[in-house]
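Now, the feature entries from Swiss-Prot:
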REGION    1-39  region 'Disordered'
COMPBIAS  1-26  compositional bias 'Low complexity'
DOMAIN    54-302  domain 'Glutamine amidotransferase type-2'
ACT_SITE  CYS54  active site, nucleophile
MOD_RES   SER113  phosphoserine
MOD_RES   THR114  phosphothreonine
MOD_RES   SER120  phosphoserine
BINDING   CYS321, CYS467, CYS528, CYS531  [4Fe-4S] cluster binding site
BINDING   SER368, ASP430, ASP431  Mg(2+) binding site
Amino acid sequence: MSAPQQQQQSQQKQQQHVRVVEQQQVEPAEAVTSSMESESISASKELTGLTHECGVFGAIACGDWPTQMDIAHVICLGLVALQHRGQESAGIATSEGKCSKNFNVHKGMGMISTLFNDDSMKKLRGNLGIGHTRYSTAGGSGVVNCQPFEVHTTHGALALAHNGELVNNESLRREVLARGVGLSTHSDSELIAQSLCCAPEDVSELDGPNWPARIRHFMMLAPLSYSLVIMLKDKIYAVRDTYGNRPLCIGKIVPINAGHGNNLDTPADGWVVSSESCGFLSIGARYVREVEPGEIVELSRSGYRTVDIVERPDFKRMAFCIFEYVYFARGDSIFEGQMVYTVRLQCGRQLWREAPVEADIVSSVPESGTAAAHGYARESGIEFAEVLCRNRYVGRTFIQPSTRLRQLGVAKKFGALSENVAGKRLVLIDDSIVRGNTIGPIIKLLRDAGAREVHIRIASPPLQYPCYMGINIPTREELIANKLNPDQLARHVGADSLAYLSVEGLVEAVQLKHRDAGDSKSKGTGHCTACLTGEYPGGLPDELSW
């Protein structure tokens, strides 16, 4: 597809998203909340540039039910560890494993710490449950789109939480509506849930619903992008799309006195599934493995098992989002057998090889660029020192009341450590540049503190294309890399020089561990670089309007 065609279709896709938000209906009381959240979200996007859509979590107790384990608190702590994946809304749904008519559900707008108190947690009784943190990309902002999403079927209740974004949302929506099923929101999660409520024509269900077959049918219709947790009365299904675009992993809850070994032979107190493994230790769980691309995993009180694996179309390579390593994931999470922090460290090393510069100290924009800065410092032999002090009490969703205060927003978030800065030549590492709104004020802050030179190094390639697979990346016109080359951007933000890590360098850093180990598994790996290269995975249909 030519560049003009991509740009035209990108604009069409953006218009589709605008129509989705315009069509969203809310009650008057919710409208006030939605308006406030909209202002807050806009400010967040302007300050932070990129936002992930969601984090999902599920937990189930083993052994006799009712369990002595407080499942709701386990899920709540799991969601706290995933709060970086979504700060707009959150929710938890639990099941006691007996009555299939209703689940215990609590969800709403806001952060985990404000949504879940003692009263709400007491109502979330159960032996299993799922949870969700959300930042909207499709469906709009508002209470009506909070997850988990619950539907009632002739076979009982079903609750679902989703991370990602359906690339063929419109065709799936038409298919569901053609069956006479009403959709009350524009959320992908409701669409998935309603799709699962209808049995495929070629599946016999004389003995009750065949949920794995229904899930497989949905996966054949929807190539990407999703990681799902689906709760029924007494079990949870963990599902990852066939391209493995979004992360999902399994953990084992072990007894408190189990120690810190691999605990393979230790009886499980329960099982968890999560977008990331970063919260496992805090809930007494141990990382087991990832849910494989196309895999359907069933979790029950007896343990977990693979019930089906759906193959990728035409045996194409998997397409795990490479920006999970760059920006979105927490540094202590594990993807593809390696810690995210280690990959970011390697990105910094590679960045020095590609873009060296004479300097006195290496530093970072806290905190996402810190690991790469350490890698740059180690490879170059230049001392690492902190030059920015972060104000942790300025939230990501701080509403900026005027243009002047908005421009000074960085001053609210950061202070300069002048003793480390004055008279020094600095290399400042950041993970990415989106619109270029933030880095300029930071450079000015450092120069005001006495920096002699400020050289910017970005530990990822230029962002040039939107993402419609669960990441809020703006239109091509808003991305600064499409307006200015590195030299022009350096002058624009007031830096002495600016350079990015190459696409090849990023892929090298991500795949280095497997290649050095001669891991045959690496032959089957692959990463989505669509936001960097414009090469979208999966042979996407025309209706996507890329």
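Even glycines carry a Cβ here, placed using N, Cα and C.
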Which of the recorded positions CYS54, SER120, SER368 has its Cα nearest to the Cα of CYS528 ([4Fe-4S] cluster binding site)?
CYS54
CYS528 ([4Fe-4S] cluster binding site) - helix vs strand vs coil (DSSP):
strand
If I take the alpha carbons of ASP430 (Mg(2+) binding site) and CYS531 ([4Fe-4S] cluster binding site), what is the distance between them in whole Å?
18
Would you kindly give the Cα-Cα distance separating SER120 (phosphoserine) and CYS531 ([4Fe-4S] cluster binding site), rounded to the nearest Å?
40
Is SER120 (phosphoserine) helix, strand or coil when read with DSSP?
helix
Test of understanding: give the count of other CB atoms lying within 10 angstroms of the CB of ASP431 (Mg(2+) binding site).
26
Quick one: of CYS54, CYS321, CYS531, which of the recorded positions has the smallest count of other CB atoms within 10 A?
CYS531
Over all shown protein chains, what is the count of other CB atoms within 10 A of the CB belonging to CYS528 ([4Fe-4S] cluster binding site)?
28
Can you give me the Cα-Cα distance between SER113 (phosphoserine) and SER120 (phosphoserine) in Å, rounded to a whole number?
12
In whole Å, note down how far the CA of SER120 (phosphoserine) lies from the CA of CYS321 ([4Fe-4S] cluster binding site).
35
I want the residues beyond SER368, ASP430, ASP431 whose C-beta is within 8 angstroms of the mean position of the Mg(2+) site's C-beta atoms, in chain order.
VAL326, TYR327, SER364, VAL365, GLY369, ALA372, ILE429, SER432, ILE458, ALA459, SER460
Can you check what DSSP calls the residue listed as 'phosphothreonine', collapsed to helix, strand or coil?
helix
From the Cα of SER368 (Mg(2+) binding site) across to the Cα of SER120 (phosphoserine), what is the distance in angstrom?
33
Considering Cα atoms only, can you say which of SER368, ASP431, CYS467 is the nearest neighbour of the residue listed as 'active site, nucleophile' among these binding-site residues?
CYS467
